[in-house]
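Note sheet for the following structure.
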Amino acid sequence: MCLFQFTARRLVSQAHCGLKASSSKQQKFCLEMARPSSNMADFREVFAKAKHIAIITGAGVSAESGVPTFRGAGGFWRKWQAQELATPGAFARNPSRVWEFYHYRREVMLSKHPNPAHIAIAECEKRLSKQGRSVVVITQNIDELHRKAGTKHLLEIHGSLFKTRCTSCGNVAANYKSPICPALAGKGAPDPDTEDAAIPVEDLPQCEEDGCNGLLRPHVVWFGEVLDPGVLTAVEKELDICDLCLVVGTSSVVYPAAMFAPQVSARGVPVAEFNMEPTPATKRFRFHFPGPCGTTLPPALARHETEIIS
């Protein structure tokens, strides 16, 4: 078992989605190292030679499409923050309120579109695949904007707003209905003065598998839940073979995703960070490009002059 696999499995067995790195771990990330380069020409030379590129994306790439992040002082839906609603306990206590929150998020996302960063990634994947090279996107986002942009090789480590899972039979299914059930039509307003709809459980989204009719929940990884081991295994395999890693729009403080790129960097693979500002992991990387991802990423992933297009 490789170093990455050992560390990843040990960490995920101890930590749950949404846990932030302890101060001691953050201090380890900030070990004094050479200042990362912001030389785009040097990055482009590395990019031109890479055969297996892994791109790790977070909320920052979707924020440029106008997607609410529900983080920070203003990140409220009504009077709750996401971490108060996105938990198994919150769903058990008040499934109607939680479904209103996710219904609102689903409806918002149906009006959003991929930005230049999403498009640059998808176009790069398509172009390089014709050259026998691979691009995989490992995303913490649940909005499916990468999929909408055309990305094919996509690992959604936190699930998707547009998938449901039955709490009775466990069936997972894609679901793009708007509204997802009649009782949620017009519900989910984020205004803090809005009263809960108090929808009966039997009127909330129900499983459509024959004879089930169990209560559905969003197929996302909530705070206090571990990542899907199958998805994590796929991530491990991709990071084991990548020869270039990009970190795009992620704070690098939420585990276990925060460890992915540093582990890759530790085995000598070039890592390039594209983010508005430095993160606790920045000094571990070879490149850092500050600014909006939609501005910095397209020229980074554009066709290199040495590429041969058949």
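Just so it is clear, glycine is given a Cβ too, placed from its N, Cα and C backbone atoms.
Copied over from TrEMBL, here are the features:
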{"type": "ACT_SITE", "residues": "His158", "note": "active site, proton acceptor"}
{"type": "BINDING", "residues": "Cys166, Cys169, Cys207, Cys212", "note": "Zn(2+) binding site"}
{"type": "DOMAIN", "residues": "33-307", "note": "domain 'Deacetylase sirtuin-type'"}
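Taking the centre of the Cβ atoms of Cys166, Cys169, Cys207, Cys212 as the Zn(2+) site, the nearby residues of that chain (Cβ within 8 Å, site residues left out) are Thr167, Ser168, Gly170, Asn171, Glu208, Glu209, Asn213, Gly214, Leu216.
Within 10 Å of the C-beta of Cys207 (Zn(2+) binding site) there are 20 other C-beta atoms, taking all protein chains into account. In this structure the alpha carbons, written CA, of Cys207 (Zn(2+) binding site) and the residue listed as 'active site, proton acceptor' are 21 Å apart. Looking only at the binding-site residues Cys166, Cys169, Cys212, the densest Cβ neighbourhood within 10 Å occurs at Cys166. Counting every protein chain shown, 22 other Cβ atoms lie within 10 Å of the Cβ of the residue listed as 'active site, proton acceptor'. Restricting the average to the domain 'Deacetylase sirtuin-type' (33-307) gives a pLDDT of 95. Across the fold, the C-alpha of His158 (active site, proton acceptor) and the C-alpha of Cys166 (Zn(2+) binding site) stand 17 Å from each other.
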